[in-house]
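Participant: Quick paste from TrEMBL:
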type: DOMAIN; residues: 95-299; note: domain 'Plant heme peroxidase family profile'
type: BINDING; residues: H166; note: heme b binding site
type: BINDING; residues: T167, D219, T222, D227; note: Ca(2+) binding site
type: DISULFID; residues: C173-C205; note: disulfide bond
Amino acid sequence: MNSFPYSLVPLINCHHESGTSHQDLSCCKNLFQVSTAMGHKRFSFPTIPFIMFLSAFHAYGQLDYGFYDRSCPHLPMIVRFGVWAAFRNETRIAASLLRLHFHDCFVNSGGPYWPVSLGRRDGLTASQQAANERLPSPFEPLENITAKFTANGLDLKDVVVLSGAHTIGYAQCFTFKRRLFNFKGSGKPDPTLDFSLLSNLQSNCPNLDGSNSKLNPLDVSTGYMFDNSYYKNLVSNTGLLESDQALMGNPSTAAIVNDYSTYPFHFANDFAVSMMKLGNIEVLTGQAGQIRKRCGALH
């Protein structure tokens, strides 16, 4: 398994102060050493264009693009190198990072590049119930998913745009198996699902409990490349998740899907905008949150 998550552990102790403290310099140095160790082998950069562009601009709200400029000025280079190295070791890390960002913002708060505002604190609580209630499910109708987006200050277009993150990553069989064998209690497959894809999925995900955790690419065309193939798949009825293919059943969302399937630069531009909106949901700063020493535990 890749060690990218561990490379970020020293980063959470890099406090932003009026001056550059010894602790800040030590933290930044440790992060650089871990990232360097991860990427000690020479490699060529893969096609993963969504990697976030960290830069020092003015802040939105209480966050600041230059949050670490004084305490850890090489942070953008260190993080970028760490992500590239992690992707080299495990290509699925790209989708995992996008999903982590999405979940964190929703519950506790060439291609697209966007500036990332820094200084966001970790939450003081964690709730599995809140996650289950607030995060969209692949089994929910589009209306419910849209309602969860709008409750967080996003809109219908953001639903379509951010769903495009499914151009990379995998889904377990249980998340779409009912489309293959018993769609909405009919005892038959989902009639909108392309027949050739249906056959392949039924072979890989037989109607047995033992297959529930098997993985399938969300984008059957270019699963390792961040592009607009996800939308092309929806147009050709080869979307994997029921919630994805549902975007073609609504005239408003279908129009956006068709646009992105034809004009990839429209998708790239809009994805960057929606990711910045997502990053400003329920921001915790200062005493409202904490910088955890261990990502998975309060202190």
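Using N, Cα and C of the backbone, Cβ positions are placed for all residues, glycine too.
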Participant: Look at each of the binding-site residues, T167, T222, and point out the one with the fewest other Cβ atoms around it within 10 Å.
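Facilitator: Least crowded of the binding-site residues T167, T222, by Cβ count within 10 Å, is T222.
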Participant: Taking the Cβ of C173 (disulfide bond) as the reference point, list residues of the same chain whose Cβ is under 8 angstroms away and which are at least six residues distant in sequence.
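Facilitator: Spatial neighbours, sequence-distant, of C173 (disulfide bond): N204, C205, S211, N212, S213, K214, L215, N216.
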Participant: Excluding T167, D219, T222, D227, which residues of the same chain place their Cβ within 8 Å of the centroid of the Cβ atoms of the recorded Ca(2+) site?
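Facilitator: For the Ca(2+) site the neighbour list reads I168, S221, G223, Y224, M225, F226, N228, S229, Y230.
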Participant: For the C-alpha pair, I'd like the distance in angstrom between T222 (Ca(2+) binding site) and the residue listed as 'heme b binding site', rounded off.
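Facilitator: Answer for this pair: 11 Å between alpha carbons.
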Participant: Please work out which residue of D219, D227 has the most C-beta neighbours within 10 angstroms of its C-beta, and give that one of the binding-site residues.
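Facilitator: Its Cβ has the most other Cβ atoms within 10 Å: D219.
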Participant: Only counting partners 6 or more residues apart, tell me which same-chain residues put their Cβ under 8 Å from the Cβ of the residue listed as 'heme b binding site'.
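Facilitator: Looking at Cβ-Cβ distances below 8 Å from the residue listed as 'heme b binding site', excluding near sequence neighbours, one finds L218, D219, Y230, L240, L241, D244.
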